[in-house]
Amino acid sequence: MIFMNVTSRVIKNSSLLLFASVINNVMTFILTLFTARYLGTYNFGLISSATSLVGVFGIFCDLGFATYAIREVSRNKDLTGVYFGTVFLLRVISSILTCIVYVIFIFFSNFSTDGTNVMIIFGIYMLFNSFVLCYYSLFQSNEKMEYQTIGNVIYSVSVLLIILLIIFRSGNVTIVAAAYPIAIILSFIYCSYITIKKYPRLSVCLEKSFIKQILIKGIPFGITSVFTSIYFWIALIILTYMAGSVSVGLFSSSQKLLLVLSAIFYLISNAIFPVMSELFTTDKNALVDLYHKLMKYLLIVGMAIAVGTSIYSKEIIGIIYGSEYVVGAHALTILIWAGIFMFLSGLTSTLLGAINKQVSVTKNAAIGAIFSIILNLILIYYLSYIGASISTVSTEFLILVLMLYALSKTEFKLNLKKSVLPCIQVILANIIMGVVLLYLNLPFIFAIVVAVIVYIVALIVTGAINRNDISIVLNFINDFKK
């Protein structure tokens, strides 16, 4: 019963964020549908390059302080004011310094005039997004996911409406880029209002011992984020310099779909991390059960997405981006398999962080970053964006192996004997679904409905979903109705 309550709590927290994710993804889908066609591969590549650079530089705005604050506050809510007041001050300082370095980097890079303008505009977005993410950390630590949900929706809806207006007014790529900072500023205003109204007054503690504690224990989380950002975004950055904006546009069209999976897991991780951190100090057995159960659920979801996307990659690219991008569909067929490894390694690294093993996560992320850089330099030289796709999948698989090895050194290690049968059951269910889809050869939209029905039946027949799983879902539904 305790385990079911914990699982329902995680699902309930996740459901709010997943609701926002669904809206965000729908908005992103519509946005991409228009911008990719309107801008073309070159200008769409500029936006993608700016996104990747901001993704890397943006990590330095935090350096892990907020993540550490989430873990500590989730264990003691009375620490909310002093932790996040101090962390927000540190965030302002680090964000301003990061933006200065970012602007210098852009001006010394060999970008076109339009490229430079787009990069600078995204720098403004990076600054305010850093503040918004700090607010989100505050909400997560107190498990108030509804505030983050609204903040996400405000941003996604705003950026879509603004860009559609710009397209209607025939704006250029620079004007399109301006929509992103405007939308994030609106989200920032909302988050500031909620923080002032709903939370205790934030206070700053400048005691040397407290600042030192945040720095020492928070930086490993930050360094991990830096390395994770590098091995995820480095392919786009190397493509920008080695293959040009057209290859970037083709690769990013597929990578953006992988980003959807990444965003979904990021939201799930936000809901799981505070719960795992609390269980580490209150009920370790429940924590072990939660980890094993979530690993199976993520494998069920991730593998189904990978199989379905691989079969319909050309149709998916054609529907979203248009015929101009279909030539890059092979990249999606390869790249989507990184999603499975990303889900499983991400959950494992979240658990490691919750049990105070963030240094191990940092070491593994560093190895992954170095491996990714070397492999991308080699494969992109010979295979362009296809090489970048292979490198991404290989890196995510390596990270999963390293995370599982690190976890095996703790009391929370994955029980491999108990995990073999569920893995086989999930694989068999996916084989059944894949064979049915290939045999019927339905149009993509109809295939989605058939795939869901066949997959659910296959999961039940193979035993991948058992009575305990059904009980958890029913328990969650009953709790949600209350």
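Glycine too: its Cβ is placed from the backbone N, Cα and C atoms.
Here TrEMBL flags 46-70, 82-108, 120-138, 150-168, 174-193, 214-242, 257-276, 297-321, 327-353, 365-383, 389-407, 419-439 (among others) as transmembrane segment.
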*When you check the transmembrane segment (214-242) against the transmembrane segment (365-383), do you get at least 3 Cβ pairs under 8 Å, counting only pairs 6 or more apart in sequence?*
yes
*Same-chain residues at least 6 beyond the ends of the transmembrane segment (46-70) whose Cβ lies under 8 Å from its Cβ atoms*: 35, 39, 83-84, 87, 90-91, 94-95, 97-98, 101-102, 105-106, 114-115, 118-119, 121-123, 125-127, 129-130, 133-134, 137, 140-141, 173, 176-177, 214-215, 217-226, 229-230, 232-234, 236-237, 240, 245, 248-249, 252, 255-256, 273-274, 277, 353, 358
*Name the range, of those listed as 150-168, 257-276, 297-321, 389-407, that has the largest tally of Cβ pairs under 8 Å with the transmembrane segment (419-439).*
297-321
_Below 8 angstroms Cβ to Cβ, which residues of this chain, lying six or more residues outside the transmembrane segment (327-353), approach it?_
67, 71, 221, 224, 250-251, 253-255, 257-258, 261-262, 265, 269, 272-273, 276, 287, 291, 294-295, 298-299, 301-303, 305-306, 309-310, 313-314, 316-318, 360-361, 364-365, 385-386, 388-390, 392-393, 395-397, 399-400, 402-404, 406-407, 410, 412, 414
